[in-house]
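Now, the feature entries from TrEMBL:
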| type | residues | note |
| --- | --- | --- |
| DOMAIN | 57-258 | domain 'Neurotransmitter-gated ion-channel ligand-binding' |
| TRANSMEM | 309-332 | transmembrane segment |
| DOMAIN | 314-545 | domain 'Neurotransmitter-gated ion-channel transmembrane' |
| TRANSMEM | 339-357 | transmembrane segment |
| TRANSMEM | 369-396 | transmembrane segment |
| TRANSMEM | 523-548 | transmembrane segment |
């Protein structure tokens, strides 16, 4: 295994052993530089020591660059070709510029951190004769050089989605006396990111930035994590994105913006980055297989959307309109406003659906649950309007309906009516009780009417007899056969009255029967209305439970990655 030890400016590396010609050239160049330094005219405003240090710094830079020009910057700065070069790489995010859900890319402003050891940039004087030329530069501890003048690692972003040729901004490298190099360029990255909006607007996105080299394999370059200083002069590898200087976004909340001061080995919320090793097998001309391993540092950024804006324009109106749908069932069955209100709510949901289509990405794998919730509510509103029409038809046409079937009456009016407390609001009798009560009422009405008619007629006759005996046909009628004829005429008239009373009672009975049938159908309409309302409530709350935003998705499966933060060279 390749050890993962941080390279720091305090680490020392032995300077390279130069050949005879190169050593002679270096000594001659140092002598000429010293002579030119003694002949330099010093301005009066600066002290001699200050100007001497300035000129020494320039001479040191020229000396180092001259040595680099001799060796060249095309290869790795190593003493032997078989030497393994360790490069520490870190990523510090400054700002999340944009996350385009439709085109699925992430734009970030980052600082990249490189640290490696370059023996060609070492000017340490260790008291030996070979390093005598560096004695005059021992007070200079660090230099700033242009990255074009020295070797820099070719670590690139693999999952880029940018059309620009350059991502980095110009930044000089810092070279320390022992040959340690630090390079922190600023970069604007545009990387691909797979978007998952199933739980929009309560979704969580995980984007990755993959860095590595495709020219140097594991036998040439060992890519490790940049160290994190958790105490003074105490370091440990940091396999996390650095959020120290992060500018917080109003739309996205990251899990690393709260733990950037915590030691990497003790972080719990931030998503840990991984080292991915890819094997590439090639064939040479002889047909021999050669396997090379290339390292890739996969930095993970997990972002949770701030749903405040979308709650106010998408979620809250949806809930209010869903609650307004309940009013359709609360209105009286005979009210035509039930149909009008249902159609208006449907149009309002359609407008919200158009707004949702504008705010959510279209090129996604799964449709968001809030869209399913919108569509489900539109289906419920359509069904509620259709059922309201059925209830209204039952209620209005109840007087022209035939008597209800006894099975439907027992199941709907008797059973569901008691369940939804409709029988208490509209009291009804059973068919047997209704038939017995109707017969008793008919007999009582007939007896009462006959008694009132006869008693009224007799009373009138008696009163007339007392007032004027000659005016009453009964009291004044003569005895004998003529009187019997008059009695027969009275009996006939009483019979006609009785027939009239029977027909009148029959009409009352038919009217009561029709009223009772109408009341049954209207009771059925009320029962159906409450049944549909209960079914709508069950479906609504079931949809809320099904489409309610869940907790964060489990972290991605890293079975394809090596769990350790190091790759291994095959033997």
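Cβ coordinates are placed from backbone N, Cα and C, and glycine is handled just like the others.
Here the transmembrane segment (309-332) has Cβ contacts under 8 Å with residues 200-201, 338, 341-342, 345, 348-349, 352, 355-356, 359, 370, 373-374, 377, 380-381, 384-385, 388, 529-530, 532-533, 536-537, 540 of the same chain, all six or more residues outside its ends. The list of residues near the transmembrane segment (339-357) in space but at least 6 beyond its ends in sequence, with Cβ under 8 angstroms from a Cβ of it, reads 313-314, 317-318, 321, 324-325, 327-328, 331, 368, 370-371, 374-375, 377-378, 381-382, 384-385, 388-389, 392. Each residue in the domain 'Neurotransmitter-gated ion-channel ligand-binding' (57-258) has a pLDDT score, and their mean in this model is 87.
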